[in-house]
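Student: Below: one structure in structure tokens.
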């Protein structure tokens, strides 16, 4: 057990991460059905995975009227329902700082931590897709710098609200009618140009004190936010040397902020297609790629790259200079680098993007997948992975049944649970005492 | 008149009970006051007893008179959704302090997660602490009534913004959703001035901030189509409600005239329990509270059964607010609800039935489909 331990999360979907998964799969993939979500969560829990991540469509696929949109259950409600359906697995949700104020976000996350017995996580995301503002009466989305300035502000206000309740603030003294010791509850006074938050959350300190903070933006502004506040950094990396560089970069930034680099985990996303043989896995992958709708894939790529690629023929080469985009900066750079490295045409890049959205794609046997994960982990490119099976639910079952035992045999993945809360299970450093 | 001889029983399950001093007498240890075990036990007991729906009260700041406070009501309802199969789950969400788009998508998700047992208890009245906590103007008085009507309207619009069969999963063409079956709501609320946000800091207290919602929703139309909307009579136009809550039976006729399909009366109760008279328990709780507490009905289970039987034909249901859940709920479960069932006075919610089914309310046809059918 002395080897550096790998942490694993399930990149939660019902139908799979591949854009064409639902077209190929004959399995049930009804995204509105809680039973499907419960089955996926329990499968991940049975495999001893540390957490599942439920994303919202806001800022991800944005507009329901756009082609390729797949609905999901709203994550706060989904995760609360999954809290009742699972016992151990961490429940992490993507919640955007662009449209919600800190008080309501802090309150729902604290509530989730209470009902889950300390298993809540918050993936801090900002919204960039056109269309993401349509529900909220804001047609103009803030630009990249402004979005992250606001994200910093929301996170800091939320932290202040969570820390305001000391662990022993609830004294519940019946004789003196004192439920809460007022000296141990601190009114938050947060003032900025984005938010003024003055008040106290109506619920006492949650089991973890605060949810585990995840951050997924790989841009400079995103990494700065991660370095200061995140417990877990989710990244998109598909090339080992680049992944090693980013890993080192994150750890250095964390140290620069005066935090322990070992206390912040870097988890790249990985899309898996696992077969009983390499050729069988490749067949499945080929079938998936054939089913990618080229128009939809091209629109998605254009959105990520930040310029319209629709006029270019399938075989057109990718131009060497990447555009600066308002939205997905890190991902645009990554995809561009991949196209140049692998000599992909614009049409091929669009299909690959639809398949992986920039994450590492592993197609092969369970041993192939395990070997690659072990190599990245040993090479200090990752503390673990966010695993998104291309096709669900079979992909997750397969990962748990066939890959997890290989990781355990290698001595880097747990064979039993230690700790109760998500923070404890991830072996993150305990929170400092809030306010001396 | 939609009165019938059936009486629906609802139950408020917030905290330790409806009396502000309930926590002081509660038998539970403080550590699980906000934990899930208590919530699970209370809702399970209510479901087993045949209660039609539970409500989850909520507030943004700790209640003035008392205890610890509370978890977000929608989170609590979502948590118990997979643990139950017959009972309606009706969280309070206040329209003045929540983004309508969030309200619509979270409640629609609750309806999906509970397979059609979701409701919305529309919050009313002032929201103490909201302006400071949320950094936005919070409407009051006539402005609040107007804003409430707008928010309920747009949430209902959003629930209909997906037709029932909008998810087509057409593998052949790659269309997951048929966009022709999605509809923009394009709603602009009343109110003047700046939308809520840092720029509205100069806006006076009590004045509403206007909002717009384009839509469509991001959640497909839910099992009930429209969740059951519950609101206090006089705070939401009756035509926007499914269930009007009234404080006394005198207000029932007026609520019906206002257009509410069902009328439910609130009844706070302190029952004879554990060898003590309800009136004595009540007096002791009042003494502990330190703040004025509105009167409650006190008496025995047998007398309460008589009162409830007498409400048949007057109202469609009663929402019970027990002073102390730990003490009053066991009496309701053991003595009151069984007697009502023996008298065939209450419905028996069936597993798999939606809350609308149990309440006898039809599933509304999507307005866009209904409109197309009349062309």
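Glycine is treated like the rest: Cβ placed from N, Cα and C.
Unlike curated records, TrEMBL annotations are generated automatically.
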Student: Pick the one from A:206, A:219, A:236 that TrEMBL also lists for the FMN site with A:56, A:144, A:148.
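Tutor: Answer per TrEMBL: A:219.
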Student: What is the maximum Cα to Cα distance, in Å and rounded to a whole number, among the residues A:56, A:144, A:148, A:219 annotated as binding FMN?
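Tutor: Output for FMN binders A:56, A:144, A:148, A:219: max Cα distance 20 Å.
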Student: Let's check the environment of residue A:56 (FMN binding site): how many other CB atoms sit within 10 Å of its CB?
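Tutor: There are 23 of them.
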Student: Kindly state the mean pLDDT of the domain 'Luciferase-like' (A:19-378) in the predicted structure.
Tutor: 86
Student: What is the number of other Cβ atoms found within 10 Å of the Cβ of residue A:148 (FMN binding site)?
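Tutor: Excluding its own Cβ, residue A:148 (FMN binding site) sees 22 Cβ atoms within 10 Å.
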Student: Near residue A:144 (FMN binding site), how many other Cβ atoms are within 10 Å of its Cβ?
Tutor: 21
